[in-house]
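Written out below as structure tokens is the structure these notes cover.
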Ligand code: CP
């Protein structure tokens, strides 16, 4: 794999291979010494132009557990504030010796630009670009679902027939977009439930059903309900939904959570708006996979960095 930019570039076999390697990495996390020497001498640069807790820390942990050198760059406090361009910033970090660049950027397409412009030689991992994609989040979500559904028999499997409901601000969600394509490749059936104003105009071309009745979706007893954060920072204030009205219609509140089958996974990529799109009773329940998703993120990102940096360089797409 040369770059990891989009789940649309991953076929079923490549996705399952990555999830299986993540299982190997998870086994390493259980050992007393949670480190592998695999990427000794390689340098991973985390290039974050947008805020992050989970993804940034998780990539840093993943690279360190593979013995890579890690440089974490945040745009805040850097020469980006003096007007330095993406190209000059990336080439500066390449000059320091980056073998892989993990990039989060507010502009959709920024990782693709870095990967295809010829500005740098390093492999590029998309850690979330604008409203476009967040492939490692989708991979860790799929890894979490596969483990909950198949346990020790997960290896080599997809998510065939799993019913996943993704709820909320689909329009601004790179997590939803990456999940829809990956879950489809893995054989899952996806239903998007959202206010019509928070659906993308091209949603009919996505491999997913669309619904507007969260109660009906919940009563159908899905295998997983993935709640999305309402992304106020990407909305004009005039379009920001009334919180009480939004919770009543689109939120996983106490009443809806009580009706969910006890086997349904409650997922959220984080950060959560508690009491808005998800009630604390759901977020903190035994059905919640929120912290499991975070823990699994390290294994999945170890697998992604391993595939990028330890194997032969070949085009992913
Ligand atoms: N899920 C996710 O991308 O979280 P962060 O913004 O904290 O990285």
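In case you wondered, yes, glycine gets a Cβ from its N, Cα and C as well.
According to TrEMBL, the residue from 104, 163, 234 that belongs to the carbamoyl phosphate site alongside 54, 55, 134, 137, 270, 271 is 104. Only 137, 270, of the binding-site residues 137, 174, 270, place a Cβ under 6 Å from an atom of ligand 1. The binding-site residues examined here are 55, 137; by Cβ neighbour count within 10 Å, the least packed of them is 55. When Cβ atoms from all protein chains are considered, those within 10 Å of residue 174 (L-aspartate binding site) total 23, not counting its own. Counting other Cβ atoms within 10 Å of each Cβ, the lowest count among the binding-site residues 82, 104, 229 belongs to 82.
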